[in-house]
Amino acid sequence: MMKYELKSTSGMARRGRLTFSRPQGECYVETPAFMPVGTYGTVKGMTPEEVKATGAQILLGNTFHLWLRPGQEIMKMHGDLHDFMQWHGPILTDSGGFQVLSLGKLRKIKEEGVTFQNPISGEKIFLSPEKSMEIQYDLGSDIVMIFDECTPYPATLEYAKKSMEMSLRWAKRSRTRFDELANPRALFGIVQGSTYEELRRESVKGLINIGFDGYAVGGLAVGEPKEEMHRILEFTTPLLPQDKPRYLMGVGKPEDLVEGVRRGIDMFDCVMPTRNARNGHLFVSDGVVKIRNAKYKNDTTPLDAECDCYTCKNYTKAYLYHLDKCGEILGARLNTIHNLRYYQRLMAQIRQAIEQDCFDEFVVEFYAKIGKEVPPLHLKSE
């Protein structure tokens, strides 16, 4: 069970709360929320306790990868994904659609589903909307995503239309199988339509007719210019139900989160804070620190004076530079702790600004600190 409560707004920005019924009682996710990505049932290099300490309340797991390894049977032997990875908060799982897109020539898309070559074993396997619902049921996902085709960019109007229409048919099949399983959790629809406004409108209408607990905006952050992403968000979010959460999939940089919230988005996920951390790319209050730069070799200041994370409270830039130079695992861990905490602090600041109805002022201050211009906002009136 999942409930969404819209608590306050500031412009298009929304402050809300998701409530989940878990075996240990009710769990809350304050929105706008950022979900760290635990592809294989782990946020890389972090224990669940460490992830929780950054302020994260919900994680994302990857249906496709967990299906291939360790598989449904091993998952069921433990109970579900929560028991397997020992994270007892809510988990959202994606449906596998994006991973299938990324396989490129290794996959063949038909009406029934997708046949592809297992990237691990080389064998041919088949994933359908029904199978995706069954895997996510066994994972015990608190938020299940429908199986869709993530339309690649660029796409012709003809291709994008066919792709969106098939995704709608798959959405209906996902809903039917989800209900047949008597899954008590939440099911989210995914809006497709590439960069074509009329297709996005048609997709939203079709999904609302089927009926979902929340709505994701998919098919963005797949190579399109930022201006295009902003334009499609500005067009799409006003069409979505006010009383349901909105999720922007696979996004993104700190400024992308701010821009998503400006356009009415409630939930985000991205590998960026964790992947960038392992590459020495660290997010700080006034921009970015690339810790591999030799200028940090003798720098005895903390990474970010405004940050309260374990890394910033205990270590200097010189130490983090040293760990990275030596290839020490601890360096990647400390970097990850910081980046995840940065993202959660950013979301907390966003929520507070919406509560105080001063989100526009927050946006101006945020961009001033990182030395960038505030992108224009051209919201469509419906």
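Even glycines carry a Cβ here, placed using N, Cα and C.
Predicted, not measured: the structure shown is a model, and the values here were computed from it.
Swiss-Prot assigns the feature region 'RNA binding' to one of the listed ranges (159-163, 274-278, 324-328), namely 274-278. Looking at the stretches 5-11, 117-123, 250-256, the one that Swiss-Prot records under the feature region 'RNA binding' is 250-256. Residues C307, C309, C312 are recorded by Swiss-Prot as Zn(2+) binders, and the candidate that the same record lists for that site, out of H281, H322, H338, is H338. In the record from Swiss-Prot, residues D94, S95, G96, G97, F98, D148, G219 bind substrate; the candidate from Q24, Q57, Q192, Q242 listed for the same site is Q192.
Cα to Cα, H338 (Zn(2+) binding site) and S95 (substrate binding site) are separated by 29 Å. Cα of C312 (Zn(2+) binding site) to Cα of D269 (active site, nucleophile): a distance of 24 Å. Within 10 Å of the C-beta of S95 (substrate binding site) we count 29 further C-beta atoms, all protein chains included. All protein chains shown were included, and the count of other CB atoms within 10 Å of the CB of D94 (substrate binding site) stands at 31. Nearest to G219 (substrate binding site) in space, judged by Cα atoms and limited to the recorded positions D269, C307, C309, is D269.
Classification of Q192 (substrate binding site) by DSSP places it in coil, neither helical nor stranded. According to DSSP, D269 (active site, nucleophile) sits within a strand segment.
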